[in-house]
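Feature list (source: TrEMBL):
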ACT_SITE  435  active site
ACT_SITE  486  active site
ACT_SITE  495  active site
DOMAIN    55-508  domain 'Glycoside hydrolase family 9'
């Protein structure tokens, strides 16, 4: 998350002279093993269809990306080897252990709200498509567990959630590696007096969804996650309010809760109903659904607004699990799907001339990946129930939904006017100057000395390619005219984020399997 305060610096690492040395030394064998496959454009046959893309390769890289975002003590099997330990005293400001978790994007802050949503979506990807991931399933689970281990720490105290580590305004006045952080690691929390139903309910959703993921492979851990999810959701529901009301200077404008907390309460209840199968959550949804915005017309799904995701998830309970009391959600889900189908009655989505779904200029690719995931997931539910989408007098099949999702994913991977992949490390042409501190600055192996707060700005403002390849990172993407300048200072288009990748993991697993690559 950017919003930078720029400063000048005369600091020069001689990166411009020995940049190739940095790239080799920092990335070494870990990048070569994850570099674009030599068979990138090999064809794969599936029911006489030919895949233009190596979805399996993209899947591997989309998961690997999360290792580059890790905070804390890195494990011995860390594959993104240019990263080092960081944030090892996080939480100490309030005498709690908050070491671990993820940096959300290109800065060094741990924002709990988007981290929780990332965790929910990674878990949903595994729940729906993990059976197709094969060798990548352990890596996907490891990515989830890195987050849930942290979320358990953040929710260890009853009726309290530690929702952020680091002062975003101070962090953004620096351009330094996470390993060198010297800005104050302030800790911010929500509690009974300063509620945060949105971040709390999203955290409950993340813990509940992850509990489903680990139910068979680690039942003890799964029970721990679910027990905590129940407690956290009760806190979210009892002490109501948006977290940005009490923490506005700290979380806004970075991750303000613009949509309120009602969507997260519905979303959280939906996940707890799915994870616990306790009738009390079903009754909660039936009693509160309308008040919580079940029927509101909004067609954007992301870290802030969860209504569309909740509608799709609850429709599965109706279509697949035959919970008749949730029948209204089929209509609500259809309305969302209709809003994103080009040319459909009630369609309200904008597409670029090249065919990319376009919601907003800042990190638009997050809506591309989240919408694509919902299209594929809903198509799965519809197929299971042998039904279709109704948009006014028009009918759309699950196949149509999958074809729309495929076009979006293919655009992201290079089928676009610029012939550029927006995933770093995939394909012959991808963003080289992403807005990411750790990726843009010399790694510790090539430059062991500390890089001071303001010293990195000369690199930020340069045209040199990033020396460390953040393999699998998906950036914000092109503008509404399919243009992409590949400028490091352009955080709206060039910054990656965990919540861009999380839903893409599921979509790539589906396509890799569909074309016989998994």
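Placed from the backbone N, Cα and C atoms, the Cβ positions cover glycine too.
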> Looking at the active-site residues 486, 495, which one has the fewest other Cβ atoms within 10 Å of its own Cβ?
Replying inline: 486
> Just the number: how many Å between the Cα atoms of residue 495 (active site) and residue 486 (active site)?
Replying inline: 10
> How does the model score the domain 'Glycoside hydrolase family 9' (55-508) in terms of mean pLDDT?
Replying inline: 97
> How big is the Cα-to-Cα gap, in Å, between residue 435 (active site) and residue 486 (active site)?
Replying inline: 9
